[in-house]
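Found this in TrEMBL, in case it helps:
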BINDING   Arg39, Arg45  NADP(+) binding site
BINDING   Arg143, Ala144, Ser145, Gln265, Ala266, Gly309, Lys324, Pro325, Ile326, Ser327, Thr328, Arg350  FMN binding site
Amino acid sequence: MLWMTAGESHGPALVGVIEGLPAGIEVQSSDISSALARRRLGAGRGSRQKFEKDELEILAGIRHGVTIGSPIALVIRNSEWPKWTKVMSPDPVDPADLLIDAGTGDEREISRNKKLTRPRPGHADLVGMMKYGFDDARPVLERASARETATRVALGEVAARFLDQAAGIQLVSHVVRVGSVEVPEGTDQPWPGDVTALDEDPARCFDAATSEEMQNEIRRATKDGDTLGGVVEVLAYGMPPGLGSYISGRTKLDARLAQSLMSIQAVKGVEVGDGFTTAARRGSEAHDEIVVREGRIVRKTNRAGGTEGGMSNGEVLRVRAAIKPISTVPRALSTIDTVTGEESTAIHQRSDTSAVVPAAVIAEAMVALTLAEALLDKTGGDSVAEVRRNLAAYLASRPVTMS
Ligand SMILES: Cc1cc2nc3c(=O)[nH]c(=O)nc-3n(C[C@H](O)[C@H](O)[C@H](O)COP(=O)(O)O)c2cc1C
Ligand SMILES: C=C(O[C@@H]1CC(C(=O)O)=C[C@@H](OP(=O)(O)O)[C@H]1O)C(=O)O
């Protein structure tokens, strides 16, 4: 399976292509649009989310609501584009047009068109300018921006539907920390049946009291001109054992999940199962003892988070990602002006206060894409029906106590 995205944050559109998903996945434009809407939800988002629409068009690979096995191509138009036609024009623009809005003197348009020379610490601005030889951070931030994750969520929705329809794997994402506010230890884990409630919660948190505290934490940070990070968790229910493999670094499921989660903008840590807590435990309290219950091999606990030896072990998959605070801090951090070399304060434009809530939905999409690839590696199959048959045959071929 292969997928890629293209597109700039304020360009005309984002584009996504995925090749290698089988025929027979039931998915419609409205399903993908709903997934895109989930990514826009949540406390801490900036003003752009309020007025921008994700205008989706499926260009290839799906016919009458069913995938046909060919590459799926889709476009998400940026409804912001009309304001950016000059500054992001693919064709050359008269420099005079970039500095002054023809006739209106609109301050916002003038500032949109100015070169950005006060790079934000924590964003891609400074190193991107050095690496690509730009005297302006604009071309850097346009692609570094997490606007790109809209495409990942769109492609991830097709992958999630494949996982559910072919293997009964269902994903749940939620927020477990915002800044200093954390879900209390011992709080129940959400189930697939809880997804609607999570989608409706502004903090995407399963614990109502903690959600309130998280929203207050975000309100306080916004008021203080500051930003916040946090931690999100993705759970996958219905995992068959044996996705991924110990045979090489490339094939290990935990390594692939870490790479895909770390590839999300602002993610600075990934944990599988109890990860960092496990490091502090003794072996006798770190692992998941094996027992047979009702003829099935199961674990007494799930500290490993559903993987052993780079393979799914049949327990619920549980991964977390740590999101750093947004680097466009309204209080403006110290930086330099790259033209004069003098001390200055970083660019500040409208921005999110916290990306934690959307990051949960994006992490879910990345897990879906990773698991879809791992499932196909295991089963092969050109249609959903064939994947189902192959998976059933594999599961039936294992020792009877494991079925
Ligand atoms: C959903 C989402 C929204 C984001 N929104 C902003 C934002 O409004 N302003 C900002 O400075 N960074 C934002 N970020 C983070 C930057 O994209 C990210 O910090 C930057 O690309 C540098 O990459 P790095 O943090 O992975 O090193 C967002 C990230 C995500 C996942
Ligand atoms: C547009 C999205 O997120 C953007 C991600 C982002 C960044 O620097 O990552 C910066 C902001 O862009 P702008 O400065 O144009 O408001 C966010 O709004 C989106 O998620 O759809």
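Each Cβ is built from the backbone N, Cα and C atoms, and glycine gets one as well.
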Taking the binding-site residues Arg39, Arg45, Arg143, Ala266, Lys324, Ile326, which residues show a Cβ-atom distance to ligand 2 below 6 Å?
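The qualifying binding-site residues: none of them.
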Given the binding-site residues Arg39, Arg45, Arg143, Thr328, return the subset with CB under 6 A from an atom of ligand 1, ordered by sequence, or none if empty.
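Checked binding-site residues vs ligand 1; flagged Thr328.
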Counting Cβ atoms within 10 Å of each candidate's own Cβ, which of the binding-site residues Arg39, Arg45 comes out highest?
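Neighbour-count leader: Arg39.
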What does the structure give for the C-alpha distance between Arg143 (FMN binding site) and Arg39 (NADP(+) binding site)? Integer Å is fine.
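Spelling it out, the Cα of Arg143 (FMN binding site) and the Cα of Arg39 (NADP(+) binding site) are 18 Å apart.
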Taking Arg143, Ala144, Ser145, Gln265, Ala266, Gly309, Lys324, Pro325, Ile326, Ser327, Thr328, Arg350 as the record's FMN-binding set, what's the max Cα pairwise distance in Å, rounded to a whole number?
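It comes out at 45 Å between the most distant Cα atoms.
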Distance check, please: Cα of Arg45 (NADP(+) binding site) against Cα of Lys324 (FMN binding site), rounded to an integer number of angstrom.
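Between the Cα atoms of Arg45 (NADP(+) binding site) and Lys324 (FMN binding site), the distance comes to 15 Å.
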Mind checking which of Ser145, Thr328 has the fewest other CB atoms within 10 A of its CB? They're the binding-site residues.
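So among Ser145, Thr328, the binding-site residues given, the one with the fewest Cβ atoms within 10 Å is Ser145.
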For the binding-site residues Ala266, Ile326, which one has its C-beta crowded by the most other C-beta atoms within 10 angstroms?
Ile326
Would you mind checking how many other C-beta atoms are within 10 angstroms of the C-beta on Lys324 (FMN binding site)?
17
